């Protein structure tokens, strides 16, 4: 090694002059797409296949050989074959000894087999170093180059070196490798692409449940009751009036449920006098899906805004205003302006607007690219301070909306209170408890507990 | 190498103790900005310049030498000079032999020269290893540190090692290198920063064409016709009424055009009995700009919402309501409430709100940071299931909007049907064909074809 | 090294077969969380602690030793201890000689100590290589794995090799290291997590100042004036009417202030005849917070839209319309339709809608993930061309809103013009100056100056 080249080597001392050959077993869609992408990125690719006759679909830069021949040409072998055909690898065990086998397979449903495909592969070819990777990438995305969905490639394996080799390839293909640890993680990685918004399930089912409950509640109060007692047909309320009652109610309850677990956690910590004992499982899970709860609440709030703004265009609303004016004109009298009503109407609208505005802001800051560009203090400020302000504004909006009607006996029908009153229970509890927790006599010990102080320390550093 | 240091080396065995010197030819804006950034990142920088007198603008940590002297100090030379001045490099060919030359140049228009600047450079200095890079980064962005636009640096070159060295520098500067392959890709890389939303061109021109067509269509029906027959001046309809007819129409047609190519592709695949023959070129292109089509449609839908919500504030609308009420007051009669109208009005509004809400959701999931955090199953679920639901809701919204007026002869003026009827043609076709394709007798073979089955297999694995 | 293994080595020649041990001093929250994450990523971890009795909270895969013993086991030692306890390291100086010490500490307020914690550490243990890192990551985020806020880890240090080792660990943990240069940057890095939206401070305080000013201005004109002269109580205007005057005014002024510095910079460059002299400091700072100014303006515009759309639902507005109709009905007369009013009302609404639509589009393109996926030409096109179009539309919206009332003496109360007139001053100045700058006699020299031409060159290349 002479003087001149050492300079180059200092900058990139370990870049091989040529990339090493990669072998791909299987010439199906995914194998071909991956091979194509690898050739583009400068890797020599050799396919291992049952029949070695090249098809027009296989990239012509790639060689097609028998499995055994192909395996000998490369240190890394990608097994782009379905799990049920893995047994053909058993006779090749000797050739595959010491090689890195990359399991890219997926199943059709979660936990289809007792062990993950990658672990099954490792059992079949005990001498090989099995790495799980690429299963989250789609053949179509590789081919078209439009990686709209995730660029993340989860990688796991027991051999660090083998894993590193695979992660280097992932990076070279322009994807982002994420080390998930040992091969034990393969089951989870294989289940990942079969998931359908797992974190969203609880918030969505909860909101659907609440929606259904309040739908029937409003149906009884607003359609069946007047039909029974006044013989009036308000069935068309189903289209807008009732949804516009349900949406704000569900939004407010869900928003309160975002902040309830934090309040519960504080109470538990105060009671236990330490932060070092685990929360109950349901509380942990609840805390992890707060973001999703909040976003579902925002969706309902957004619908509420649209339903409300559309009101003056509705035929029913126009007709009602018109008939009220006409009846006044016929009676020759005019309602005087009521200042209290002016205040109530304007302030409940203003509170709603400000609440929705802050809520929308919270939603924007939870976009991955936005939340990724703020520091923790900023993130906490937005999600906690602004979040509570939103909750206060939205609760006040609902309280002022009630206005004079609040708790007046005439608003009960069949002993059922107005639906919005029910929606106020959870947010009011959260706000009252949070208000109590702010008092110094509770806030000070809580802060100390959260900084690591323990009332009855069980271990010492 | 003793025992102790080997431990360190195991963690980072190949990090040079000091970064290698980088040479920059040219002291213009870009050369200086790049040099400045490199010095910040720990690279010793030496400038090669015609005149070696340092200016106050050149970072004072950098040396300024003649081209020949500077080139000898480094393994990597960045050519921050315009293409037309490249010929001064020819006499330096001997010194540049074996060096890595980084072409950072851009042109003023696409395909300005027959060969790319980087290939031209490689011809001028045949002994050097030419790498194309950094051309997408702006001098201003490097200086100010506010990399608001892309951090991506496209890199291409024939020598893998040289390319890797450049990519290491790119990474060290906090930018993201993207390997684009051999130097043949340089032309494309040089054209990239000259592009102005290439994927958006077709959707935008299409929507402008549709807008122009429906503008004149509505102009004739809604302004010229009443002017000719009733001598009424509705010219102010140009401001809001007509845009509010055009926007939903264009939005609905574009949304249907997002799903039409998928339906056509299914028909072609069913007819051919294989998925392994290429689609016609126009269909391929169409499929690749579906996202953009959808987003333009969403923009029109958003405008439609704003135009609609603003209606009750319009002087014209207020005046019309007022004069209708007054005429009823004078005639002493009251319109009774029409339940059918109540249903029609509320349900078309509700369908529109839900359709827009889902459409908005689709738009959010197409934000890069959001779509990057979902897996393929989730992405497909949103874009396909929710997408079709959106199309169904929006089509239903338009159908119910028509309501009783639908196909009634009085709504024809000069034999021209209402514009919204025209907008229903494409979405209805898409929905009907999609509905037919869902039938098991068609869905089953289609699914098998998409899994790789062929009716007349031409090759076997 | 035999033939077989060289193939593997070519692909990943420098990946250690096992990751090197990392030592963590301190078993507090952050130390434990970091240790846990490192173990997950395959690093053997050893804790150094005052008491070596393991607690249930320390990951059981990790050893707990005395500080001296633990330090000897690893090349990298993470000091997860608060600054005030650093002095215990002094006796360990000999053992720590040559080791990489990673300072992860944060302070409670910015610039709490004269020198940064990392520099203080470097003074205490002069023989060690101190690297600052991980201080922007929270213990909670490491534990829960939900890295919602930043994944960016700022790294600085005087020893390139040590820094590289730390950056490799950062990458292995799935975080993004950002090299910030020498240890001098530590102060800034330590202040970073204590910042609360530093770039937003000026825009937000400015907008709050403007809001306060226009609030009192409107209070005098719209509430106190009618109360004094007409004994009318319009106090409820505070809820919606006055906010809906303030929001568009502040939005328009802020939007104009986004484009004012660009115009000023052009004038300065034209006057000086060069782009190579620095702008005054206030102009530089102003230009760097244009994005934030624009987004605050967008927030005010968004509130204006909500306040406006809510108008027809307000009790006051409904009452006013109703009483006007009733008074007409009683007087038996009807207002004829005024075509000019129709035009004015519709066109100011249409201009507002289009202006808001473009403004919203600008806001979307400033989302990090969106602006990161466009090239510079596209970014400039959107932010400059579309930006000016937005400013023109919004200014025109305000001008047409004024309509006939513009400058009419009756709209002055106590010699105070309508508030919206004040809001037009800055945007009109910006647009007029920009219009003048477009003239070829000014545009040509400006373009040349921006390409590097100088009227009185002070240095030659």
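One is the number of the first residue shown, and numbering goes on along the chain from there.
Here the Cβ of each residue, glycine as well, is placed from N, Cα and C on the backbone.
What TrEMBL records for C:21-107 is domain 'Pyrroline-5-carboxylate reductase catalytic N-terminal'.
The transmembrane segment annotation in TrEMBL covers C:204-229 (among others).
The domain 'Ferric oxidoreductase' annotation in TrEMBL covers C:249-394.
Here TrEMBL flags C:249-272 (among others) as transmembrane segment. Counting same-chain residues at least six beyond the ends of the transmembrane segment (C:249-272), those with a Cβ under 8 angstroms from any Cβ of the stretch are 203, 206-207, 210-211, 214, 279, 283, 286-287, 290, 293-294, 296-298, 300-301, 304, 359, 387-388, 390-391, 394-395, 398, 419-420, 422-424, 426-427, 429-430, 433-434, 437, 442, 445-446, 449-450, 455.
For the transmembrane segment (C:293-317), the residues of the chain that approach it from at least six positions outside its boundaries are 200, 202-204, 206-207, 236, 240, 243-244, 247-248, 250-252, 254-255, 257-258, 352, 356, 359-360, 362-363, 366, 387, 394, judged by C-beta separation under 8 angstroms. Annotated transmembrane segment per TrEMBL: C:293-317 (among others), in sequence order.
Below 8 angstroms of C-beta separation, residues 255, 294-295, 297-298, 301-302, 305, 308, 371, 374, 379, 382-383, 386-387, 389-390, 393-394, 396-397, 400-401, 403 of the same chain, each at least six residues beyond the ends of the transmembrane segment (C:347-365), sit close to that stretch. Among the features that TrEMBL reports, transmembrane segment is placed at C:347-365 (among others).
Taken from TrEMBL, the feature transmembrane segment applies to C:386-407 (among others).
TrEMBL lists C:419-442 (among others) with the feature transmembrane segment.
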Same-chain residues near the transmembrane segment (C:419-442), Cβ under 8 Å, at least 6 residues beyond its ends: 214, 217-218, 221, 245-246, 248-250, 252-253, 255-257, 259-260, 263, 266-267, 270, 388, 391-392, 394-395, 398-399, 401-402, 406-407
Chain residues outside the transmembrane segment (C:204-229) and at least six past its termini with a C-beta under 8 angstroms from it: 197, 235, 237-238, 241-242, 245-246, 249-250, 253-254, 257, 293, 296-297, 300, 413-414, 416, 418-419, 422
Confidence summary for the domain 'Pyrroline-5-carboxylate reductase catalytic N-terminal' (C:21-107), mean pLDDT rounded: 86
The domain 'Pyrroline-5-carboxylate reductase catalytic N-terminal' (C:21-107): DSSP-derived helix, strand, coil residue counts: 32 helix, 19 strand, 36 coil
